[in-house]
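In Swiss-Prot this protein carries:
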type     : residues : note
COMPBIAS : 16-28    : compositional bias 'Basic residues'
COMPBIAS : 40-50    : compositional bias 'Acidic residues'
COMPBIAS : 325-339  : compositional bias 'Acidic residues'
REGION   : 1-102    : region 'Disordered'
REGION   : 114-133  : region 'Disordered'
REGION   : 221-243  : region 'Disordered'
REGION   : 319-339  : region 'Disordered'
ZN_FING  : 170-198  : zinc finger
ZN_FING  : 253-291  : zinc finger
Amino acid sequence: MAEETQGADAVPQISFKKRTNKAKANFRKKPDTPPPASDSDSDFTSSDDEEGRRIKRRRKNAAVTASSTTAGPRRNVVEDQPATETAAIPLTSSNDATKHSNWYDEELSEKNLLGTTRARPASNTQSAPDGTYKGAANYSSFIQKNPNAPTKQFGPIKAPTNVRTVTVMDFAPDVCKDWKQTGFCGFGDSCKFLHAREDYKQGWELDREWEIGTKGKQLSGRVVSKRSGDAKTAEDDEDDDDEELLESIPFACIICKSSYKSPIVTKCGHYFCESCALQRYRKNPSCAACGAGTGGVFNVAKKLNHLLDKKRERARKLREQAIAEGEEVSSDEEGDEES
């Protein structure tokens, strides 16, 4: 009995609070469902049951009716809403102001273009052949390729950026001695020396000579050449042909390397001095220019004598004209006139 009384005392006592009339008056009720905007447009009818709930039923004979008021389009009016604050976008740093472009592709990197400086790997020892022929496709290649070599072998190659090269082109050519002395070279166009007779000087030498020659003098202009409107005559055409022929003929004998003395012409069309040709024929009957056999036939070069006479006459007139105008005459022009 004592245990039953202790268990009854352990159960808590619950009290229920009753709602007062004032509290019931303040209790909000759910409003009734409003009727639809137009019952005629719908195929359903509504009615209230005994408990006050609205019941919707489908009409059996539904008719479509339209009016001018309901035919207009319905517009959804959006009320103005206050602007809401958007989330701040985090700023990212970029190098747009200092960005630069490089025309080299990623594949054409410095390693691919220049390679590396590591030593070549040791060659792999292949197994000895067993003597069986396996066809041309199975031939072994003994060429050792460097894997560190640049892959690009053609086209523009990127130069190293840590090396700066300066190239200076100095025009100091090696002149062919035979061509300068005689106007003939046995190598022809394949000669590696320059075929020229002019004496070239550096720019500073020309400027220095000009300053020395014109220092303290008053420079006065004069007519160097005058363009004539007259047409060329037959004599001018003949002179041009003679000049072209003289350019194709060496201006000196290639044996004695001096001016022609009683010039003769061989069957192959080369010109020599008469004494030089006869003296060479005693030892070697071939031509000194091309090596062809002469057969002991040497004809007098009448046309060359005529051309040389005209050349000397023209040089003499030019020299006299230069002296009359007070110009200096070089030693080369005097030598040409005497020859």
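Placed from the backbone N, Cα and C atoms, the Cβ positions cover glycine too.
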Residues of the parent chain within Cβ reach of the zinc finger (253-291), under 8 Å, 6 or more residues beyond its termini: 178, 181-182, 184, 186, 297-301, 304-305, 308, 339
Distal contacts, the zinc finger (170-198) - CB-CB under 8 A, six or more residues away: 249-254, 257, 289
Residues in the zinc finger (253-291) grouped by DSSP into helix, strand and remaining coil: 10 helix, 7 strand, 22 coil
The zinc finger (170-198): DSSP-derived helix, strand, coil residue counts: 9 helix, 2 strand, 18 coil
